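In what follows, a structure is listed as structure tokens, so that the remarks can point back to it.
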Amino acid sequence: MDYFEIMDTVCKDLGLNFNQEKYNKFIKYKDILKLWNDKMNLTAIVDDKDIIKKHFIDSIRVFKFLPLKDAKSIIDVGTGAGFPGIPIKIIKPEVKLILLDSLNKRIKFLNQVVLSIKLNDVTCIHGRAEDCARKIEYRENNDVVVSRAVANLTVLSEFCIPYIKVGGYFIAMKGPSVEDEITESKNAINILGGKIEDIIKVEDDEFNHNLVVIKKITHTSDKYPRKAGIVSKNPLR
């Protein structure tokens, strides 16, 4: 089975449209990622097959959360090399996408990808999550927030929940053992105006992890997120 067939099968299983044009964008994205990775550390995953399975398909499987298909605006917080945001955009080109990262060199890379594979309505922002969440143009202004960033769920929730509209969702891509994090984060999520709605298992020969789905129930207090550095050093309890 070639790469197109692998990705097409995954998309069909999720009820998603996949075609040659979308596939070509993924392949060009892969090539740009490998080229830039020689100059800066974007990913430790460099084999073509692994990039497709561990980055692209892993990102596409966020669509196991079905309401994502109806989202009109998505922000990817701590996007790194563009995962899962850019694969989501390729699959769902009509969505408005914001890619947020704290390293400017990554933003330069992302802007190059967006230009090269001709993605429309994508904004790449250089900034810290806790700072940008206080700006009126981003705060409580997105249907869905996604993040594959490596951070404790309590910390990640304070970074991400302020970006969501009331009634919207935060999808945290977490590893296979997430029970303790969920237990520890419930009060913080409640303080921030959210509620854990679902935990979706993502499992096959390559994957074993969870999508933690948090729904925004009420507005986030202006107290949150707290200033840069405090969120990680003193997590909400």
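Keep in mind that glycine also has a Cβ here, set from the backbone N, Cα and C atoms.
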- Message: Among Arg106, Arg148, Arg237, which residue does Swiss-Prot annotate as binding S-adenosyl-L-methionine at the site that also has Gly78, Phe83, Ala129, Glu130?
- Response: Arg148
- Here the 10 Å Cβ neighbour count for Ala129 (S-adenosyl-L-methionine binding site) comes out at 28
- Message: If I restrict to non-local contacts, at least six residues apart, and a C-beta distance under 8 angstroms, what lies near Gly78 (S-adenosyl-L-methionine binding site) in its own chain?
- Response: Leu100, Asp101, Ser102, Ala129, Ser147, Arg148, Ala149, Ala151, Phe159
- Show which residues of the chain containing Phe83 (S-adenosyl-L-methionine binding site), separated from it by at least 6 in sequence, have their CB under 8 Å from its CB. His55, Asp58, Ser59, Asp76, Arg148
